[in-house]
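Asks: Here you go, one structure.
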Amino acid sequence: MEGGLSSFWGPVTAAEWCEKNYVYSSYIAEFFNTISNVPCILLALIGLINALRQRFEKRFSVLHVSNMILAIGSMLYHATLQHMQQQGDETPIVWEMLLYFYILYSPDWHYRSTMPTFLFLYGVGFAMAHALLRFGIGFKVHYVILCLLCIPRMYKYYIYTEDASAKRLAKLYVATLFLGSICWLADRLFCKEISGWYFNPQGHALWHVLMGFNSYFANTFLMFCRAQQREWDPKVVHFLGFFPYVKIQKPKSQ
């Protein structure tokens, strides 16, 4: 949306959202959509520290780092509203979903090298095709399909998990995804009406915040499930009585 200050980055070449551009700084196009990625970075950093401190498998460290990279890419996109930065936001989204797919399905995959090889080639192929063809609605449909492919496995993990605190993490994951999707759709579909309000609720910024927590809850739940598979005696504990993380007790032989 058009705003007040002049643009440092030049004419807008990327998709815009329901926030006035360059209101608070000539260097930041969509201010709230940019800073709302900070919680995701901080939550991913907390998850990374926990994964490294307790020596979880490297896949979880990579997952937390990918969350941070995704949030930084989103910040660059919303700060500049340039097409190249938009692709720098969208392509890592697909890569991250492929990583989730690997973490969810690889424990039961009998051919260890085939899945990561296929997913790597798929990710590279998508990045090249997206750069050349500049998918629009096709990107969104592709993202939804990848999410839907992960749901059956997440549900299987949920029904086979007896720990109440771990199940609560899964419920928080679903709740934040549902609320975030409502905010995203409202910002996208009802921008004209929202622009006439005295106060803009910044639906896309709320989506960023909720998805930051969504990723953290998903990652923590998956860490718990994987620790169960490895017989590491996982427990969901709460820092300061409310912030959840997984604590494990590995056998001495490990």
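A Cβ is built for glycine as well, from the same backbone N, Cα and C atoms used for every other residue.
The feature Ca(2+) binding site is assigned by TrEMBL to W17, E19, N21, E30. Per TrEMBL, the feature Zn(2+) binding site maps to H78, H204, H208. Positions annotated as transmembrane segment by TrEMBL: 31-49, 61-81, 118-137, 172-190, 205-225.
Quick one: where do these features end up spatially?
Replies: Cβ-based neighbour count (10 Å, all protein chains) for E19 (Ca(2+) binding site) stands at 24.
A sphere of 10 angstroms centred on the C-beta of H204 (Zn(2+) binding site) encloses 23 other C-beta atoms.
Sequence-distant contacts of the transmembrane segment (31-49) (same chain, six or more residues past either end, CB-CB distance under 8 Å): 17, 19, 23-25, 60-61, 63-65, 67-68, 70-72, 74-75, 78-79, 202, 204-206, 208-209, 211-213, 215-216, 219-220, 245.
Residues 17-18, 154, 201-204, 206-207, 210-211, 213-214, 217-218, 221 of the same chain, all 6+ positions outside the transmembrane segment (172-190), place their C-beta atoms under 8 angstroms from a C-beta of that stretch.
Below 8 angstroms of C-beta separation, residues 19, 32-33, 35-37, 39-41, 43-44, 46-47, 50-51, 56, 60, 63-64, 67, 71, 74, 100, 103-104, 154, 157, 161, 163, 166, 169-170, 172-173, 176-177, 179-181, 183-184, 187, 234, 236, 244-246 of the same chain, each at least six residues beyond the ends of the transmembrane segment (205-225), sit close to that stretch.
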Asks: Relative to the Cβ position of H78 (Zn(2+) binding site), how many further Cβ atoms are located within 10 Å?
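Replies: Step by step: centre on the Cβ of H78 (Zn(2+) binding site), count other Cβ atoms within 10 Å, giving 29.
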Asks: Could you tell me what the rest of the chain brings near the transmembrane segment (61-81), counting residues at least six beyond its ends with Cβ under 8 Å?
Replies: 9, 12-14, 16-17, 21, 27-30, 33-35, 37-38, 40-41, 43-45, 47-48, 51-52, 88-89, 92-93, 95-96, 99-100, 103, 208, 212, 215-216, 219, 222
Asks: Just the number: how many Å between the Cα atoms of N21 (Ca(2+) binding site) and H208 (Zn(2+) binding site)?
Replies: 18
Asks: Other residues near the Zn(2+) site, CB within 8 A of the CB centroid of H78, H204, H208?
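Replies: Other same-chain residues near the Zn(2+) site: W17, E19, E30, F32, N33, T34, S36, N37, S74, A205, W207.
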